[in-house]
Each structure stands twice: as structure tokens, then as C-alpha cells.
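Step one of this worksheet: look at the structure below.
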Amino acid sequence: MAFRRRNKSYPFFSQEFLIQNHADIVFSLVIFILIGLIANTLCGICPVYGEVTLYQYGWKDCATILFYFFITIILHAVVQEYVLDKVNRRLHLSKSKNNKFNESGQLCVFHLVSSVWSLYILITEGYLLHPSSLWENYPHVHLRFQVKFFYLTQLAYWLHALPELYFQKVRKEEIPRQLQYICLYLLHISAAYLLNLSRVGLVLLFLQYVSELGFHIARLFYFTDESHQKMFDLWAVSFVFTRMVTLTLMFLAVGFGLARAENQGLDWETGNFNTVLIRMTVLLLVCLTQSWLLWKFIRFQLRRWREFRHEQAARKKAAAKQPLRPLKRDSLGHHENGILKAENGASPRTKKLKAP
């Protein structure tokens, strides 16, 4: 299974060989793992820890996440090779735009799948019809298969994004920005999963993924044609709306819902983390993250507005400085418009134009 066209052959275990063939190497590793599962009937890789319908998190999740980590690397290479690279060849983008196009293309696929998947879980679990279920009967220790599987794949995807910075040869100036949102996703998803706030986390992830999906779709359209900028305005409205709904939901569920619950206190065995300190820490973390996102959003919009104003001013100056085109004469000395003549004397219309 070859994911990349190989124009050159590099020495084994060299850096270029690893980058060029990392998907094939991981695919081979997954095949060996699957063969081992079939031969030994192991269940440690799959999120089925017994013949039950409800599951808890445990140390075996690390092996599960590692397995899905390899799967996401393979899927990343498939999307890159068979979709994004073919589009890039037709667009002929610059190197910087090409990297951003690949980033938005990968995240579009992930956000689309994750938003649809999370919405399906919210509907089937009944969280949308009964919002109070987001904080009632806390702690939510026992999870259904689809909820647990969703969280494990989310952690696996954002973990796989770290080595992809190396495999995709991301520029050094872009690495800090991408590390910021990767670490933020890992922090929030892990906190929701480990603190048994999986129901609230599902709603917040759905809102976040829908908002980010709009941004990356707008950026893809912008790279294909720079005149497509109206979609950024639609995304701006959804971005602000998402921030407001996220803060409202967190204060409603954590600040008020869990604060009125009967089981107050810290209990590691039952998975109860409903204490004042933990609630305030979670609220502070979410508020700081949303404030930071809003601040970046405002700076981005102000920069766009300044660039638009400078572009408009430059166009006006260029139009004002543009000289008038002189009238051309033909071989007989006549002007192109046929009004003035260069023969003996001037036409009657010319005499009228002269000053008295």
C-alpha cells in the first residue's frame, strides 16, 4: 500500500526515508497488531473490557488510544495523497498557501466527521431533549460504547497531530500556532473525560467543531478564489455565538447544576470530583480559553479591516495619479476621434473651444 509517489530513494532509517514512508510503516505495524489480536484473541486494544454495555476509563485506554493513533496517521496520509495533493496540483498555490490549504483540508474532514458524529450521539443519548441530564446523576462514570469510542478517537487524533508537524514539514513559524490549539484540545478533552464531564464535553465539542468547520471551509474557498471572503463574515457570526453559548452552558452546568447536587466532595473510587475547587478550576480554564479565543478573533478582524482600508486607499491614490491618455494621430495628421484636423486652419468646433 503506497501512499506517496517516490521520485527518489533514500537510505533506510534516514530522516527523509521516515517522512516519505511513515504511513506505510505505520500501516505495516497495524497489520501486525491485528494479526496478533486474531491469533491471541486479545481485547486490550478495543474498548470492550467485558461483556457489558457500559464502560469506565482505565489504564487499558492507553493501548486503545495508541492503536487509534496509528489508524489516524494512515487516514491522514490517505486524505493527503488521494484528495488534497490532487487539488493542489490544479491550484498551483505558493508554498505557504499550500501548507495552510493542507491544514484546512485535513481539519475540514475531521471537523465534519466529528460534528456529525457528536450530533448523532447527542440525539441518540437524549441530551438535547433533556438539557438537565448534562449535570444530573453526576458522576457519569459509566459510558456507552459510542461515547467512550468517540472520546478515545478524539484523543488519538489530536495526539497524532503532534508527529504530523514533523511528517508534513511544517514551517518553524507555524509550529507554535498549531501547538497551541493542539494542546488546548488535548487538555479540554482529557479533562472532560477524566473528570466524568463527558456529557457537557460532548456538547462543547459539537459547538466548537461546527464553528471551526465553517472557518476552514471559508479558508479553502479563499485559497481557490481570493474574492470569496463573505464566508468569513458568516464564520465570524458563528464564532461569537459559539463563545457565548459555551460560556452560558458551562456556568449553567458546572456553576449552578453541579453546585446544587447532593454528592459534594472528592471520591476517587466513585469518580466524584464535585468540589468547589475543581468546579472553579474548570470554569476558570474554560473562561480563560474563550477569552483568549475572542481576543485572537478581535485582533484578526482588526487586521483584516486595516488591510482592507490600506488596499482601498492605495487604489484611490493609484487612480488619482494615473495621467490622462493623449489623443493619438493617424498618418495624415488627423486625431482618432475625427474632430480636430491638422490641415490648414482649425475646424469650426476647434475655434469655439479657443479662449476669446
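Including glycine, each Cβ sits where the backbone N, Cα and C put it.
What you are looking at is a predicted structure, and each value in this text was computed from that prediction instead of being measured.
Quick look at what TrEMBL annotates:
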TRANSMEM  25-50  transmembrane segment
TRANSMEM  65-84  transmembrane segment
DOMAIN    99-308  domain 'TLC'
TRANSMEM  105-129  transmembrane segment
TRANSMEM  202-222  transmembrane segment
TRANSMEM  234-256  transmembrane segment
TRANSMEM  276-295  transmembrane segment
REGION    316-356  region 'Disordered'
COMPBIAS  327-338  compositional bias 'Basic and acidic residues'
List, by number or range, the same-chain residues at least 6 past the transmembrane segment (276-295) whose CB is under 8 A from its CB atoms?
184, 187-188, 191, 195, 197, 240, 243, 246-247, 250-251, 254-255, 258-259, 266
Kindly state the mean pLDDT of the domain 'TLC' (99-308) in the predicted structure.
90
